[in-house]
Amino acid sequence: MKAKIVLLPGDGIGPEVTQAAKAAFDAIAQRFGHDFLISQALMGGAAIDATGEPLPAATLAACQEADAVFLGAVGGPKWDKSEKRPEQGLLAIRKALGLYANLRPAVTHPALYDASPIKADRLKDVDIMVARELTGGIYFGEKQEGSEAAWDRCAYSAEEIDRVLHQAARLARSRRGKVTMVDKANVLATSRLWRRRTEAVFAEHYPDLELEFLLVDAAAMHLLSRPASFDVLVTENLFGDILTDEAAMLVGSLGMLPSASLGDSGPGLFEPCHGSAPDIAGQDKANPFAAMLSAAMLLELGLGLGEEAQVLKDAVYACLEARQCTADLGGKLGTQGATAAVLARIL
Ligand code: NAD
Ligand code: IPM
Ligand code: MN
């Protein structure tokens, strides 16, 4: 098949892990005879340096014309005090492409039990799919930033809530049939709306699914004490951001968590959950597997290439079983070595 993929390498380890994803696309194209037209565009701090904007108009236009977009990571200390932040570019592209559902799978594997700070007996059979709302809530509300006072408004409409609930419910039907909705309904008005909508949507459309409600503080605890009891976890933007970094440590490293950001139409955005990791950038230390697993999500969910995605995932897991991995997982390889180990299993 022919497909246009736009790469947004970004900052810090972003370009390093994007290189790994690109190599995976090239290897899959070669093995299956696909014609991937892969181009690159500026995003984040790199884009601010080159153009003054974190999401230049040319980048957005290229993404809108693509079949799928891959992003490395954005941000870093260099831009922490600048007027425009690299992260604004990421929020802007999510909004502009209508990517309201951010799917973040956290799946443990016996080869990684030692890399997790959680006891191995809790990690068996953990397979969680977080459906994080991505274009609403406190991230996108009005804000005021003063030297003596500041505020961020958190708002949700029923429509914004419903569409991600439907996405989560459809996922649960294709999995183990359970949805956990996480909120702070004992304090927040927005959370109480989330709860009412969840009750209504599930009663009307998904009475066959098991539905659980958790307050976010308790959810953070249950994720560690009984992670295997979760199937699909659906939640608002901010809680989903926080809980998925926590879930990454069940798997063993933030460098293992991929993601897919999807809307109702148009290209999806696929990116590792981790950031630009300034502490290890430019040292060939970054784990490329979250990026390569995000590339697999792009193949499957962005291009409909399920078999190709499975080949890539199998190659990553075979490397983990052979301990061909980076130091965050207790391995001895660098970013490039771990990438090469995956490629060798594809070609
Ligand atoms: P981070 O995710 O960059 O790093 C947190 C810790 O995890 C660091 O110790 C880092 O070395 C480690 N880590 C992250 N990815 C790794 C990988 N692939 N392999 C091995 N170790 C890895 O989070 P942070 O330090 O809080 O943020 C740094 C910058 O990244 C900030 O500017 C932040 O805004 C940005 N950020 C961007 C994204 C994104 O672009 N999607 C996501 C999160 C954070
Ligand atoms: C993520 C990141 C982003 C978020 C930041 C960089 C805006 O932490 O993708 O998890 O909070 O959504
Ligand atoms: Mn995050």
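Placement of Cβ uses the backbone N, Cα and C atoms for every residue, glycine included.
Quick look at what TrEMBL annotates:
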type    : residues                                                                                               : note
BINDING : ARG94, ARG104, ARG132, ASP217                                                                          : substrate binding site
BINDING : ASP217, ASP241, ASP245                                                                                 : Mg(2+) binding site
BINDING : GLY275, SER276, ALA277, PRO278, ASP279, ILE280, ALA281, GLY282, GLN283, ASP284, LYS285, ALA286, ASN287 : NAD(+) binding site
DOMAIN  : 4-342                                                                                                  : domain 'Isopropylmalate dehydrogenase-like'
SITE    : TYR139                                                                                                 : site 'Important for catalysis'
SITE    : LYS184                                                                                                 : site 'Important for catalysis'
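The Cβ neighbour count for ALA277 (NAD(+) binding site), using a 10 Å radius and every protein chain shown, is 23. Taking the C-alpha atom of ASP241 (Mg(2+) binding site) as reference, the shortest distance to any of the recorded positions TYR139, LYS184, ALA281, LYS285, ASN287 belongs to TYR139. Each residue contributes its Cα atom, and for ARG132 (substrate binding site) and GLN283 (NAD(+) binding site) those atoms are 31 Å apart. In space, ARG94 is the closest of the recorded positions ARG94, TYR139, LYS184 to GLN283 (NAD(+) binding site), judged by Cα positions. For the domain 'Isopropylmalate dehydrogenase-like' (4-342), the mean pLDDT of the prediction comes to 98. Selection of the binding-site residues ASP217, ASP241, ALA281, LYS285, ASN287 by a Cβ distance under 6 Å from ligand 2 yields, in sequence order, ASP241. A strand conformation is recorded for ARG104 (substrate binding site) in the three-state DSSP classification. Of the recorded residues, ASP279 (NAD(+) binding site) and LYS184 (site 'Important for catalysis') place their C-alpha atoms 33 Å from one another. In sequence order, the recorded positions near ASP217 (substrate binding site) (Cα within 10 Å of its Cα) are LYS184, drawn from TYR139, LYS184, ASP245, GLY275, ASN287.
Sequence-distant contacts of ARG94 (substrate binding site), defined as residues of its own chain at least six apart whose C-beta falls under 8 angstroms from its C-beta, comprise LEU134, THR135, SER261, LEU269. Of all residue pairs in the NAD(+)-binding list (GLY275, SER276, ALA277, PRO278, ASP279, ILE280, ALA281, GLY282, GLN283, ASP284, LYS285, ALA286, ASN287), the one with the greatest Cα separation is 15 Å apart. For ligand 1, the nearby binding-site residues are ALA277, ASP279; that is, of ARG132, ALA277, ASP279, these have a C-beta under 6 Å from one of its atoms.
Of ARG104, TYR139, LYS184, ASP245, all annotated as recorded positions, the residue with the shortest Cα distance to ALA281 (NAD(+) binding site) is ASP245. Taking all protein chains in view, 28 other C-beta atoms sit within 10 angstroms of the C-beta of ARG132 (substrate binding site).
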